[in-house]
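Record features (TrEMBL):
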type	residues	note
TRANSMEM	28-51	transmembrane segment
DOMAIN	44-293	domain 'G-protein coupled receptors family 1 profile'
TRANSMEM	63-81	transmembrane segment
TRANSMEM	101-123	transmembrane segment
TRANSMEM	144-166	transmembrane segment
TRANSMEM	200-224	transmembrane segment
TRANSMEM	245-264	transmembrane segment
TRANSMEM	276-295	transmembrane segment
């Protein structure tokens with residue numbers, strides 16, 4: 001354990017990420033599993049991006065946002081899995097303070113951007129189904145670029161504010177992070193300075209950058225559902241719903257696991273399962289997104305063929 005003298009205190013200069021060390025007998029199996037997941041995630045999302053760029057049938061707002069989501073998911077999973085895989089191989093679980101804060105910045109920024117981007121995609125489906133005659137006018141190229149760019153900027157800006165405050169904390173006690181990456185709560189728990197202010201700022205920013213997107217997504221689907229149910233023919237209802245069913249599945253998976261990890265009170269049982277749920281939204285969600293869109297979207301299946 002490396003430490004540096006700071007006044008009368010001993011300051012921690014690096015953390016040990018415990019990860020899954022509590023189950024050493026399955027380390028090799030976990031390595032193979034996460035390696036296959038990472039390779040599949042990257043290849044699947046890259047395939048979606050290539051299809052969106054090269055196939056002219058996919059040159060519309062819905063697939064423009066899907067391409068953005070695939071690129072985001074590739075970056076998102078790459079902030080965590082490569083380092084975890086390296087730890088499995090080398091048995092070195094040490095990360096510097098600056099490395100930990102940098103990982104937290106990218107992870108949180110990309111998660112926030114995904115919240116905004118999923119909302120933008122639900123708004124796109126709302127315009128397409130509820131206001132089809134105005135769709136091409138509203139969702140023009142400039143609007144799509146602004147919505148996508150705004151999603152990235154909002155997520156990274158909120159993350160930058162919190163991350164800039166974290167180096168002001170003092171770490172002088174235990175330096176073991178009981179998680180497989182540098183998340184906010186496990187890191188802040190190790191600080192021996194007052195953390196109420198940074199927890200308050202983080203709570204406010206998290207509320208501002210996640211609750212409104214979540215509520216707007218719900219409102220969009222309420223309007224979409226009302227419009228779809230008023231379509232007289234069952235074929236028309238099925239066609240209208242099929243255009244947004246993939247997105248709705250992704251939204252449910254993403255927000256469902258986030259709610260369990262961050263909002264459900266931490267009992268002893270859920271505390272033990274916290275890493276499992278965290279794996280779901282950091283590792284499995286980026287994996288299943290390209291599968292969901294490629295298997296449930298006829299345009300993507302045609303492009304693949």
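Backbone N, Cα and C atoms are what each Cβ position is placed from, and that goes for glycine too.
Just so you know, TrEMBL annotations never went through curation; they're auto-generated.
Because the structure is a prediction, the values reported are computed rather than measured.
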The answer for the transmembrane segment (101-123), taking Cβ pairs under 8 Å and residues 6+ beyond its ends, is 62, 65-66, 68-69, 72-73, 75-76, 79-80, 83, 95, 147-148, 150-152, 154-156, 158-160, 162-163, 166-167, 181-184, 187, 209-210, 213-214, 216-217, 220-221, 224, 244, 247, 250-251, 254, 282
Q. Should the transmembrane segment (144-166) and the transmembrane segment (63-81) be scored as in contact, given a threshold of at least 3 Cβ pairs under 8 Å and pairs 6 or more apart?
A. yes
